[in-house]
Each structure stands twice: as C-alpha cells, then as structure tokens.
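Taken from Swiss-Prot as is:
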type	residues	note
BINDING	401	salicylate binding site
DOMAIN	528-726	domain 'STAS'
CARBOHYD	161	N-linked glycosylation site
CARBOHYD	164	N-linked glycosylation site
REGION	508-731	region 'Extended region for STAS domain'
SITE	401	site 'Controls the anion transport'
TOPO_DOM	1-76	topological domain 'Cytoplasmic'
TOPO_DOM	128-138	topological domain 'Cytoplasmic'
TOPO_DOM	153-169	topological domain 'Extracellular'
TOPO_DOM	200-209	topological domain 'Cytoplasmic'
TOPO_DOM	234-244	topological domain 'Extracellular'
TOPO_DOM	257-261	topological domain 'Extracellular'
TOPO_DOM	286-294	topological domain 'Cytoplasmic'
TOPO_DOM	311-335	topological domain 'Extracellular'
TOPO_DOM	392-399	topological domain 'Extracellular'
TOPO_DOM	410-413	topological domain 'Cytoplasmic'
TOPO_DOM	436-439	topological domain 'Extracellular'
TOPO_DOM	508-739	topological domain 'Cytoplasmic'
TRANSMEM	110-127	transmembrane segment
TRANSMEM	139-152	transmembrane segment
TRANSMEM	170-199	transmembrane segment
TRANSMEM	210-233	transmembrane segment
TRANSMEM	262-285	transmembrane segment
TRANSMEM	295-310	transmembrane segment
TRANSMEM	336-370	transmembrane segment
TRANSMEM	374-391	transmembrane segment
TRANSMEM	400-409	transmembrane segment
TRANSMEM	414-435	transmembrane segment
TRANSMEM	469-484	transmembrane segment
TRANSMEM	487-507	transmembrane segment
C-alpha cells in the first residue's frame, strides 16, 4: 500500500510511505510479474513483410537516400534565399584559395584542389543531411593523402638527366603519377565509406572520442605547419613521410636555411600577418559585419597581381603555382591496380574524414534543433568521394573554418554549398589561368593561419587535467603518437590506447562499502558520508563496473579487501586453532584440559587485511591470537570443545553485492559470483545480490546461474529488501522505522 502525505506548510517536503512485504526475485517472478504473451510470427511471414515493397516503404527509402527531396519542395524562398546566397558567395570565396593551398598538402597540382572544391560539394547538396557544414578540402585529410602520394611516387622514381648531365626530377611525370595514386585512394575511401553506410556503421565515430580527435588534429596541425616551412622560406627540400617525419623535415629545412629566398620570406610573412589581423577583426566584429572580410581572396588577388607585374618567378626566383588548365578535365577511370597498396591507408582516412564531418554536423544540428543521420552521412561522403574521383578529385570532408563562415553569414540550407561550388566552377572554367603567377608562399601563409584554431586546442590540457586525467592521457597519447609516428600510425596507437582506457576503467572501478542513512532505505559510501552507518553483521559491497572475464578476479579481491572477510584465511585460522588446541591439551600445562576449554575464545587479527574479526564472543581469558601467521596465547572462555569449534569465525553473517551499477555479466563473471557464494558459505556467511536489472537477470538465467546453491531467493530488487531479509535470517530485530 502506498500513499503520499503533503504538509500544509509551503516549505514542507513531499513524503511517501510504502507498506509491502520483502520481495525476492523468486517471489517477483512467481507472484508479482507475468510476462506478456507474444505469439512469434512465422519465419515465412517475417521474410515476406521484410521483402514487401509498398509505396510507403519505397518513399521512405528514396527520401532517406536523397534528403534533398524532404526539404527542397518546402524551401521558403523569401526567408532563406538571400541568406543562402550571401553565405554561398562568402564560402565560395574562401573555398577558392583553400582548394589551391590544400592541393599542395595533397602533393598534387593546385588545380586538383579546385576540382575537389566543386564536384563533391555539388553532390553533397543532394545526399547530405547537414544544413550548415561545408564539404571540400581540409588540411588534415590532405596531409594524410599527400603522405601516401609521396610514398607511392617519390622523387627518386622520376630522376632524369638534366642539361649539365646532373639528375633532375621529371616534375610532370611525377605529378601525373601522384594524381593517379591520389585519385585511386579517393575511390577506395569512397567505397569504404559507402559500404560502411549501407551496413549502418555510422556509430563508428563514437570510438574516436573527442580528446582523441582533438589531440590528433592538433598533431596534424604540427605536421602541416612543418611541411609548409619550406614554401614559406623558399627552400628546396624533400618531402618526408612516416615515423619521425616532422623531425626529418625540420632538420632538412634548418640545413638549407642559408638558401632562404628573402623575397619569398617577405611575401609569406606579410601575408601571414595580414591574414592574422583580418582573422582577429572578423572574430571581434562578427556581430557587426554582414559578411566576414575575405582576407584570403584579397591576398590571393593582390599577390597574384604583384607577382605577375614584377615577374617574381623570373626575376626573384619566387616559386609560383604554375600552369592551371582552363575548363574541366574529362572523366577517367581510376587505376584499380594500386588498390592493394592503398587499402591500409584508405581505412583511417575514411574513418577520420567521417568523424570530422559527423562531429561538425552534430554540433550545428544541436544548435539549430534538427537531426543528422550518421549512416546517411557516411553514404553521402562515400558517394562524394567515389563519384568525384572519376573527375580527378581527392578525398574531401567537412571544413571547420568554412562551415563557421557558412553558418555565420546566414546559410540556412545546402543551397549555400551549392552556390559556393558554382562559384568555384566559374573560376575553373573562365579565369583559372589568372592564378598561375600566384606565389606558393601565399598559399603556405593561408594554410598556417587557418591552423591557429587547431593549435588553440592545446588549451584542452589544463581543462582535462582538472576534469579527467584519463581523457588527458588520451589527448596526450594521441598528440605525441601522431607527431612522432605519423598520422596513420599515431591514429592507430591513439585508438588502441583509448580502448585500453575503457578496459582500465572496468578493472579499476570505485569499490565501496555502503551504509544506511538512519530511518531511510537509502545506502551510501560509509567512507565518504558520515551519516552512513553499516548494518550490524552485514557488509554491503558495491563495485562501479560490469563483471566479465577481464575484471572478475579483481572484483573478488576488492570484495575481500573492502569487506575484510577472506574465507580462505578464516578457514586456515580455524585449522591452526584446532592444531594448537590439540597440542595444548596433549602437552604438559599448568592448567588441565577442562579449564583450558572453558576459557577458550579466539580473536583473529588479520593484519594483512587491516581489520579485526571476532571469532568467538565471551569473557576474555587465555586465548590464541593469529597475527601475521604467528600464534600467541591469551585467555578466553567456552563451554566445550565442540562449542568452541562450532562458533562463527566472523561476526559478519551476510554480504550483499549491490549490482545496481552492473550493466552486463559474462559466463566467467557469473561463475566467479557463484564461486563467491559457495566459498563464503563455508564460513557461514550468506551472499546475496541486490539491484539487478531485468536485462541482467535474463543474462544470468541464460548463463544457468540459478542452480544449487544459488536460487532466485538470494536475489533482491533493492538493497533495503536484501538488508531486511538478511536480518530476518539471523533473527535480529528490525527497526520499525526502516520497514
């Protein structure tokens, strides 16, 4: 019976009172709960329903595959069109220089960055579910691609005799081969992402936890910055890939720093300072500016004009972008023969690209109150990369900087991205050749300034130090592994370490003994809360973890340590007591056998566990004490030898295992708990379980946990039920206020 009582005073606490019997799972299953009867459908009927092709199912599949059909028919022109136009132009203006710059990171000619800023963006408009992210080139992915291209097509493969009988690199042949490798890699990444999307593997992103991703992208920023130093200084060095590539690249730049082109350095530093100032102004006055100041396109146009007018390439030796063909290249089938060499690289690129996209998409979706589908995003990215690869593009993902511009300038839908791609198309078709005199140091400046946001992620370190040491460890391992081992190996190490931290958490959970708050049915950690009082003769143990093969033994060790009850040690002590008692009765003592037995009681001091177990109660006389394996004689009393050895070895008669935090248990864990129940029974301590969820109980039944000596009578829905029943078993009085 249950009723609620509310005091008439305004500040009164709402009270409730429940009167019911003590419930065990045996009673609940037999009397209280009855499962709903469900008639399983025949297998043929289930197959027929699954294969049934109704109009609603077709519509759902089509609309799910082409999300544009869900929002375009109801597109509000008056409210959204102007904002999407402004946003599209702003994003497109930003996408042009970034496409050129990130192509350098991908180790392909700049024009392929423009192709990658058009085709995938156009496709995402039809297949994507996010309204605000900007798909296209991105520094991290471009760098990973470039590493593969340089490995598969190094300069050493394209050495030819120069004019002075010296060996020089055939740039045209090298770039052509690198484009083939990058395009094939993009095709493979697209296939992987598309297949994962069809298999509903959108949940993969959860394994790339935020500290891991932020540490990884910060490390990528270090790699990118180091790779751009040679362009900023105008020195000629080889491109390094793999473990310690950052160290080798820095060493190469420093060895050749005497060859720095001063004009190149001045242009690069000037553009860097200008872009940094513009970035700060845009951030400071973003609420007052209709659109951000397009600093990147300004430096591109101005530096291109100056370079063209002053013939910087010919007169000052400044490296420039070079030939940019006008128009679009015809489609071409990728080179499938290199797939076996690229598969190991394609998997991490596919996963990282998707992780960046879905994290940005979810951020904007949460802000504006709509939902994104992770599986559809995988399909959309896969199609963007796969289809576009036939048109000479490299792998794309969402860009944080462009997405922020697209959102802040009033973008409402994917129409903004569509307009941005059309602006890129206009440049490629009509005026791409204009950017041929553009100094590469300007592109390096654009890249490095855009990395500032990633470097700011180092601010996570003090925050994580205060919040979570384990997450800080993930961040640091991800960062240093990626910096030193390279992005591919670094990501693998970081993911492995993140998984190990999950195992570590389950193996090192918080283990506590619970006590009751007086006059309530609430139980809390006795070490943390002074109001919590242990129940006489009962230990309540809670471990904040599930129980499975990796931590089952640790669970038992923690149980024995926290409760102070080790059945094996208690039984050994009992055997020692018997041995010494027999020796004393057979030896020549000043007291006879009868008087010794009358005065025997035992206190076992288990110094190893740091607790005292009273083995027998009674007036203390000469007795035996077991301390760290040594026996000493003291005085106690007892009635007879039989009574002496039948007394309890510990004042604790019951142990309650709180299973409230346990989400799952495997066969090893179930066997472990069952052995604990049997082991404690040998020293007359009853072990019961409390707080098991219905799912956990179902798992225990499946694992055949309920067989002698374990029965459902030992399982209770709450700790309070278990405490009351344990007291009843020992015929102890139950306080009336805690019924």
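Count begins at 1; order follows the chain as displayed.
Including glycine, each Cβ sits where the backbone N, Cα and C put it.
The structure displayed is predicted, hence computed values, not measured ones.
Under DSSP, residue 401 (salicylate binding site) is assigned to a helix (H, G or I) in the three-state scheme. Look at the recorded positions 161, 401 and count other Cβ atoms within 10 Å of each Cβ; 161 has the fewest. Stretch with the largest number of CB pairs closer than 8 A to the transmembrane segment (170-199), among 139-152, 210-233, 295-310, 414-435: 139-152.
Distance noted between the C-alpha atoms of residue 161 (N-linked glycosylation site) and the residue listed as 'salicylate binding site' is 44 Å. The region 'Extended region for STAS domain' (508-731) scores a mean pLDDT of 77 in the predicted structure. Long-range contacts of the transmembrane segment (336-370) within the same chain: residues 129-133, 135, 138, 140-141, 144-145, 148, 152, 180-181, 184-185, 187-189, 192-193, 196, 202, 204-205, 208, 210, 213, 216-217, 377-378, 381, 385, 395-398, 400, 403, 407, 487-488, 491-492, each at least 6 residues beyond the stretch ends and with a Cβ under 8 Å from a Cβ of the stretch. With Cβ pairs under 8 Å as the measure, the transmembrane segment (210-233) is packed most heavily against 469-484, out of 262-285, 414-435, 469-484. Proximity of distant same-chain residues to the topological domain 'Extracellular' (436-439), defined by a Cβ-Cβ separation under 8 Å and at least 6 residues beyond the stretch ends, is recorded for 100, 264, 267-268, 300, 303-304, 307-308, 312-313, 318-324. In this chain, the transmembrane segment (469-484) does not touch the transmembrane segment (139-152); fewer than three CB pairs sit within less than 8 A of each other, excluding pairs fewer than 6 residues apart.
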